[in-house]
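**Student:** Just passing along the structure, written as structure tokens.
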Amino acid sequence: MLASYGLAYSLMKFFTGPMSDFKNVGLVFVNSKRDRTKAVLCMVVAGAVAAVFHTLIAYSDLGYYIINKLHHVDESVGSKTRRAFLYLAAFPFMDAMAWTHAGILLKHKYSFLVGCASISDVIAQVVFVAILLHSHLECREPLLIPILSLYMGALVRCTTLCLGYYRNIHDVIPDRSGPEMGGEATIRKMLSFWWPLALILATQRISRPIVNLFVSRDLGGSSAATEAVAILTATYPVGHMPYGWLTEIRAVYPAFDKNNPSNKLVNTNSTVTATHIKKFTFVCMALSLTLCFVMFWTPNVSEKILVDIIGVDFAFAELCVVPLRIFSFFPLPVTVRAHLTGWLMTLKKTFVLAPSSVLRIIVLITSLIVLPYLGVHGATLGVGSLLAGFVGESTMVAIAACYVYRKQKKKRNENETAAEGEDSAMTDMPHTEEMTDIVEMREENE
């Protein structure tokens, strides 16, 4: 039962997880009630498509191939997984609705409310699991216990965020967006802004399964391969702890940058400049790097975390030390990527980010193929290749940002040149009084 639910949930997050990036649509585009209606309409359509897709997976041969054949599970686990996938059909819509309103709340600086909603989600899931375990579902359909708890958590989160929106924002924003706020957003603009971010998230989700596959095949499916995959499974959450939160830095630029016309609606007591944002980003990166080196380079600290939190034995924890130390270098590319992505989101230029996701996969697979010839194997191969993929992605994001910056600078220089030309033309023209004097002098001479 647990395997069926876990497989169904992971497949759902892979196929429809990018819908969560609609948080950034709410953060950047929603400046009026009409804009919010368009964003919600996008979510309704996307939710309907997701529900149809879930039904197709549950009842068609495509689902049998993806679940039974591709994952090599038996008939019992496969049928339960498809049934769980069907039960989860409405979850992507609820999740996306919650994230859309979370983006609107973040735009208006209600980040504390967004955090409380996420915590309430977790608490609601734990409470409902405890309640449902004492019901008849445990005997009749145990698969429904985690699924219903997931729905209740999402319902609590979505309700909290929607109520927060109506209480704090709905009556403040105008019915329509004026030119001073960048004009009205269209559904086409929203989708054009969203799809590169969704593509990036999808490639991030698929990176770890690719790493596990190559690491296992490199060691020939032996016991060493099983051990390497187990080490990767243990080190992923621990290594992610000190730097994972840096991704959220990309929300700072759209929420605070005063060059963003949509921020003119939001009242703040103090002005936040680009310099402030850069300093804040640098402090966050320094803090993350410090945490990484304290946790993973101080003797016996990482082993203690793995033994006490993950629950592995000390001998296994020692095998995880080198991969965890490689994770210490992840904050650098992650910070660069997050900061520049936020700046490009403010300019609504996310389309230039699409090549970075492709390059990440190319660099990742290339590293997984080349590094074994250099004597790198096992979990070290996996984490090292992930780092190479991150560096490749961040490099491409930096190149894209430089391209956009140069285009903006060129356009600004052209506008300044045109303005100077108009000023000089006005200066060269004689004033009306001078023209009158010239005419009078000519008349006197005649």
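Just so you know, glycine gets a Cβ as well, placed from its N, Cα and C.
Please treat TrEMBL annotations as automatic predictions, because they have not gone through curation.
Per TrEMBL, transmembrane segment is recorded for 39-59, 84-105, 112-137, 143-166, 280-297, 309-330, 351-374, 386-405. Annotated region 'Disordered' per TrEMBL: 413-446, in sequence order. Here TrEMBL flags 430-446 as compositional bias 'Basic and acidic residues'.
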**Student:** What stretch of 84-105, 143-166, 351-374, 386-405 shows the most Cβ pairs under 8 Å to the transmembrane segment (112-137)?
**Tutor:** 143-166
**Student:** So which residues does the transmembrane segment (386-405) touch in its own chain, when a touch means Cβ under 8 Å and the partner is 6 or more beyond its ends?
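**Tutor:** The answer is 200, 207-208, 211, 326, 329-330, 332-334, 336-337, 340-341, 343-344, 347, 349, 352-353, 355-357, 359-364, 366-367.
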**Student:** Quickly jot the same-chain residues contacting the transmembrane segment (84-105) by Cβ under 8 Å, restricted to those at least six beyond its ends, or write none.
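**Tutor:** Same-chain contacts beyond the flanks: 4-5, 7-9, 11-12, 16, 19-28, 30, 36, 39-40, 43-44, 46-48, 50-51, 54-55, 57-59, 63, 67, 111, 113-114, 117, 143-144, 147, 150-151, 154-155, 157-158, 161-162, 164-165, 168-169.
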**Student:** Report, as numbers and ranges, every residue of the chain located at least six residues beyond the transmembrane segment (351-374) whose Cβ falls under 8 Å of a Cβ in that stretch; write 'none' if there are none.
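**Tutor:** Same-chain contacts beyond the ends: 192, 195-197, 199-200, 202-204, 206-207, 210-211, 214-215, 218, 337, 341, 344, 381-382, 384-386, 388-397, 400-401, 403-404.
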